[in-house]
Amino acid sequence: LAGDGDSEAFGGEGDGDSEAFGDRSLSQGLSVLVGLALCVTMLGLGCAVELGQLGQQLRRPVGLLLALLGQFVAMPLLAFLLALIFALDEVAAVAVLLCGCCPGGNLSNLMSVLVDGDMNLSIIMTASSTLLALFLMPLCLWLYSRHWINTALVRLLPLGAVSLTLGSTLLPIGLGVLIRYRHPRAADLLVKISLWSLLVTVVILFILTGTMLGPELMAHIPASVYAIAVLMPLAGYALGYGLASVFKMPPHCRRTVSLETGCQNVQLCTAILKLTFPPELIGSMYMFPLLYALFQSAEAGLFVLAYKMYGRDSYKQDTLGEEKKTDISYKKLKEEEIADTSYGTVTTEEHNSIQMEPTQTAL
């Protein structure tokens, strides 16, 4: 796998990084942590889904279509192009492709609340992309990894294990939907726990990685990988907003689709890297989803801050405008009802009382 400086930094054999991740006890500990974090995340996602919302989306599947285009057309293509533009080696390229082919993450649900987005659309897009990933994620990985097919890593790309990992997420999602149906209050609590677990998991993984590998690994990561970790979520947000604009969606839905497209399920990406690839390669690929999580959260936070400072007032004005239009239309409706009911009824004048009956005109 080692062919140039980047390859050595990202998985060269015999370095301390690979040995650290090859240690059995450390590897097993990380596998347990990543597996638990993924289960909690998927359980929280299931708890956020209501069966009534699913029925509405099946009748008008706009959210499903947006999830398909955003997560499995725009983002994989973006990851592939960035890997080519920055001339990544096969190990780093696979990590970037995996992250780009992942479904949406539940960070977008939290951010959608903070920008007054459409929560139903956000949850449906996240759930839909997760279910679609069972079939489309291995397909996208197979398609876009053809450029590096002559490398040993891509030839050993475990698409079957990727599908198995994705399939294992269906159980906690289904359990979460059942909890939402029978115990709504418990489901609300589990949704909050899953959102906090996202932050806690990323922090713990950063600490463990820094403790085991030290700052030397961070210093040896090529600048191109940092650049992709910064540009990829930012471009995803822009692509999502543009996609929603093409569908002529209202502003609050555009913000929602933007966040849904740029926020990837980094827990799933980390789990696939940790559970399906050989331990000696984990040190090289393990860092990208963590870097992506860091920058996607920071950029989404800037998105929220900008909205709170500049966009909140326009949202309130739009909401008030809609309420005024509703009041006016309601008044007109009431006037029309009064006019209709007064036609052909009894009318009384001061001096004479005249009864008027509707007559039929003979044709």
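Using N, Cα and C of the backbone, Cβ positions are placed for all residues, glycine too.
TrEMBL labels come from automatic prediction, so no person has curated them.
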Quick one: sort out which of 12-33, 100-121, 342-363 is the region 'Disordered' according to TrEMBL. 342-363
Please work out which recorded stretch in 30-52, 64-88, 121-144, 225-244, 286-307 has the most C-beta pairs separated by under 8 angstroms from the transmembrane segment (156-181)? 30-52
Report, as numbers and ranges, every residue of the chain located at least six residues beyond the transmembrane segment (121-144) whose Cβ falls under 8 Å of a Cβ in that stretch; write 'none' if there are none. 42, 45-46, 48-49, 53-54, 57, 62-64, 66-68, 70-72, 76-77, 79-80, 97-98, 101-106, 108-109, 112, 157, 159, 162-163, 166-167, 169-170, 173, 253, 256-257, 259-260, 265, 268
